[in-house]
Structures are given as structure tokens and as C-alpha cells.
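> One structure, pasted below without further comment.
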Amino acid sequence: MKNSVIIHFFAVVFRWIAECYNNSGIEKGIDKICNFFVRYADHSAFINTFRNHFMEGNYWRASKTYQFVMLPVKLLKKIGNAAGDRVCAIREKSIGRGFFENFLKVSLRDYGVLLLCLMAGYAVSVYLFGKMGRLDRYIACGGAAVGIVLLFINCSLTDLFRGSIIAKWAGRLFTCYSAEDFDAEVPVYHLKCMPFDIVLMLLLGIFMGYFNPIAALLSFAAASGILLILWKTEIGVFLTVMLAPIMPTMVMVALIGVTVVSFVIRMATNKDMEYVVTPFSMLIFAFLALVVLSGFTSVDMMSSIPIVLVYVMFTFSYMLIVNTIKTRSAWNMLLVLFVLCGALVSLYGIYQNFAGVDTAQSWVDTQMFEDIIVRVYSTFDNPNVLGQYLILMIPVAFAMLLQSKGSGKKIVYTIVNLCMFACLLYTWSRGAWVGAVLSLVFFVLLRDRRWLIICLIGLLLMPSVLPASILERLTSIGNMEDSSTAYRVSVWVASLRMARDYWMSGIGIGFSAFEKIYPAYALNGAGFALHAHNFYIEWVVEMGVLGLLTFLALILTAYKQIAAVREKKSLIRFVTLAMAGALLGYLFQGMAENLWYNYRMVLLFWIYMGILQSGVNISNGKDRVVL
């Protein structure tokens, strides 16, 4: 491949284009245009307002509102000063702490004893209650066999994987983790409360036998997860980022709730821990205030209040990320998990394309697009929502590919990018296609504007290389003969009329409130709609014009934070530039879709903001955890 004539040809062509562009009339013309806008904007009232101190948090910290918002934090600090030492002493002596801190060092023989006790309790239970079936025998015998094997292995997981390929690959893939951690000699740890653990496993086995074994194991896993999160807040943060695109909304609400409790306990018991205030803080407070107000003034308050709670809990994910991810290694690992979970979502979407899934008739105009049989939606239940998710993910994954070092990482991230691009194609979402291309072009130009000519050439050549079905789908944008386009335009007109009448406070958040008011404004042919099919109109309809202005201020603050990154050639710099492109494509998609139609997209937006702000803090030297 390295000696390929084709690759050599394109390398020569691109080098020739770059040489022609440098010091050319085109470059000078573009520079003059850019410099003109820079000089004009530099003295504008808009830019001066954007540079004002409140964007840096100084004005916010000096305000009475800040003093009011920070009252809970100050109260937690007072509790921590009064009872922190006592609580820390209890934690030090707790049974679970020793296990959680040493579970990789625990002897596999101890795990074998516990597994045998679990299977013994399970076998006795199913036998006594007369539920012994073939599956139960397989579970009991298989678990017992594994337990017996573990009895003969008196070493820990650390010893088992020392020097292995798994450890080396993990060290290469997760930059916060090194394979050398497995190379150090570590003494084997034995459980201190073995009798208690044995009784616990026997009871759990009996519980599994009496009830559904899978449900029992899931309950045990959930209980263990809660204890882990209460022990380490970071575990809850990592799980939130990993599971956000996969798990149902209410599961994520519960997970974030437990993580918030863990964070509150940590704040109360850690005298030296400081709450991080960012330029987003004032705007987030304004957003939450508008959400709560929108819920209580909604035309259907009973349906809006639960959605208010979901929005509030999901907004907390930003606070959790910024206050817990404070080291470069932790940020890198969080980003890797974020991207790899995106790859899993994409793989599931690709599987749906070939296995076949039910496609709603409203998603495709079969008279115009006879070739489109399946539109994939993966874990998001809607192809357009999946497209929005991939707009956010693809530029970040592409930045990871460009910055990765070593053939192993490059292969992994190449596969990740290919999976995401394939899944995006199979959504057949026109807005998502355009948004993704726009995001990548913007990212590439931010990185090096000399790519402008190549991007233009690529866009010009695109019609000649794309399949006819994709071109037909793209050229149908704006075609009123397409039923989905005609429907959207009708909904936009009706929603604008709603916004004109409810511009001050909105009708309240949620589909029920929209359904209640929309019929009075609906046009013929679009008598039913769950939302405005335009993100910006939806903001005005739900929360009034102040809601839209608050969101736009959040986006402007995000771009200002990206511009504030001091490092020039680091992973954080490239990823934040990729996020700048992704947000542009995301906002473009909002012209034709309600970006928060699926509530998990609300969570993913705040996770995105949290990762961005955490990276900015670390890049600018605020990467030490105060513990």
C-alpha cells in the first residue's frame, strides 16, 4: 500500500495544489477578506459584549444570584467541616472499602469460594421450590465448574494479566492506563470478612432460585454499581458517558441521581474539595430557571413536571464531568470510551440495515424513493435522531484518528470512523448527511485553511462519485413534492404562529403541551405533530424567546471556550476544534429537526459541553484535583 501508484499520484496532486495555493492570488484574496472581517469584528459591539467579563465568570461570581446559587455548596462545606473527619473514619473502617480498592488484587481462590456458595444456594433453592429445569442445571453446573477451577488459582487478576497482550493493548488504547501497572509485583489480597461474604452469596443464590435468575443477577449488579458509585464518583461519571446513547431515559436519570448523591457526599466529607465555577455556570442557572418556570406555567403542567425533572437531572451531568474529570489522563480515557460507545451504536445500526427493521411509513416517501427499504435508528428509535448523534460523534472520532500514534490505534480509529460513516449513510437522513459534511469541512478548515481548495474540489467531484440513490435523496432537499418536506413546511408555519402568540413564556415543555395547542394552528395536511420540526422555533414555543437566547448564549460560550485553548498541537486542541465543527453541523440539522426530540440527546448535549469545558480547564493548567 505504501508503494501504491494511486496513493503516490494523489500525494503528488495534493502537494502540487498546496504549492500552487501558497502565495497565490486566491490565498491573498481569501486572506484579505478574512482580515477585513477580523478588523471589522474586532471593534464591533457584539464582539466586545462577547469578550465581557461575565463570559469569564467574574461578573457571575460577584453577583447576588451567584451567592444564592452557591448556598447549598456552602452548607455542604459547613457540614464537611463539622463531620468530615468522623465520616472519613467510618469510610476507612468500612467492609466494602477494602474490597473496592483491592478487587484486582484479590485472590481468584476467594472468588472461587464465593462463586461456589452462590451456585450452592441457587441449586438448593430451585430444588426446594420445584423449579429445577434444564437451564437451571446448566447455570448451576457451569457456575460450579468455574468456581472449582478458580479454587486452584491462588493469584490475582493483576498477576494473571501481567505482561499479557490484553494489558499491552489496553495500555495503548486507553492513554490514562499503562501496561506497566500490571508489571509491578503486588501481594495477593484476601477478603477480610469471608464468613459474611459466604452468607451473602448463599442468600443471593437462594434469591436467584426463588425469583428469575437473570433479574436477581441484574439486581445484584445494580446494587454493586450503586455502592461503587458512592465509593468513587468518577465511576458514575464514566458509566453515564458510556451508557447515555444505549440505556433508556429513566435508567440514566437514576444513574445520574446516584452519582449526584455520591458527589454531594464527597463535597460534604472533603474539606479541601472546591466546586468548579465555569463561564457556563450563569447560563446553566438561567436555563434551569427557565425550565422550571416553563414546567409550572405549562398548559399541561402534569405532563411537563416530569420532563422538567429529567432536564434538571441531565443538566447535572455537565456539573459532574467538570468537577470530577480534572486530569489529562482521565479526560483522555473518558473521550476514548465516548467514541468507542459511538462505534458500538453504529455497529448496531449497520446490523439493522442488513438484518432488516420495521421502518415507519412516515419516514420515507415510497413513491419518490423506491430504493429506500430500511432506515436504521440503532438505539435511538428514530433515524433522524441517530443522525444527530453521529453528527456530534464523527468529527471527534476523526480528530482521534488524526492524532493517534501507532499502527494499532490508527487501525482501531479507522474502523470506528468507517462504522460511523456507514451507519450515517444507512439513516438516509439528508439533514444529517449535510450536517456531518459541514462539520468535517469546518473542522478541517479550522485546523488548516489551506485545505479550502481541496474541500472545494471534493465537493465538486462528489456528484460524480456518489451512488444515484444518495444523490437523488440529497437533491430532494426542498422539493415540495416530497411528502416529508411538504409536511415539515406546514408544521413550521403553524409553529411560527404558535410562537407569535406564546413568545413571552412559551406553552411549556413536552409533547403533551404541544399536542394540546397545535391543532388550533394546524394547516391542512399536517393536522398532527409532536413538535415543531425546527429546534429554534421549538425553543420559542416551549420556553419563550428567553429560552432561545439562553441556548444561543450557551453555544457562543462554547465557541469562546474552544478559542481559549492555549495548546496548539495537543489532543485537547484538536478535539475541541472537532467539537466546534460538530456543533456547527448539529445547529444546521436543527433547522429541520427538533434536536431534543429524544430526551437522551439532551443528556448527550450536556455531556458534550462537560467534556469540552473539562478539556479547556485541563489545557489551560487547571488539571489538578484538589482532594
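Using the three backbone atoms N, Cα and C, a Cβ is placed for every residue, glycine included.
TrEMBL labels come from automatic prediction, so no person has curated them.
Positions annotated as domain 'O-antigen ligase-related' by TrEMBL: 417-552. Residues or ranges marked as transmembrane segment by TrEMBL: 111-129, 198-231, 237-264, 276-296, 302-321, 333-351, 386-403, 415-445, 451-471, 535-559, 571-589.
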> In the same chain, which residue numbers or ranges, 6 or more beyond the ends of the transmembrane segment (237-264), come under 8 angstroms Cβ to Cβ?
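Distant contacts of the transmembrane segment (237-264): 76, 225-226, 229-231, 309-310, 313-314, 316-317, 319-321, 323-325, 333-334, 337-338, 341-342, 344-345, 379-380, 389, 599-600, 603-604, 607, 611.
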> Applying the under-8 angstroms CB criterion, which one of 111-129, 302-321, 386-403, 415-445, 571-589 scores highest with the transmembrane segment (535-559)?
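Top-ranked stretch among 111-129, 302-321, 386-403, 415-445, 571-589: 571-589.
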> In terms of Cβ proximity under 8 Å, which residues at least six beyond the ends of the transmembrane segment (571-589) contact it?
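Here the qualifying positions are 328, 331-332, 335, 387-388, 391-396, 398-400, 402-403, 431-432, 434-444, 446-447, 535, 555, 558-559, 561-562, 565, 595, 608, 611-612, 615-616, 618-619.
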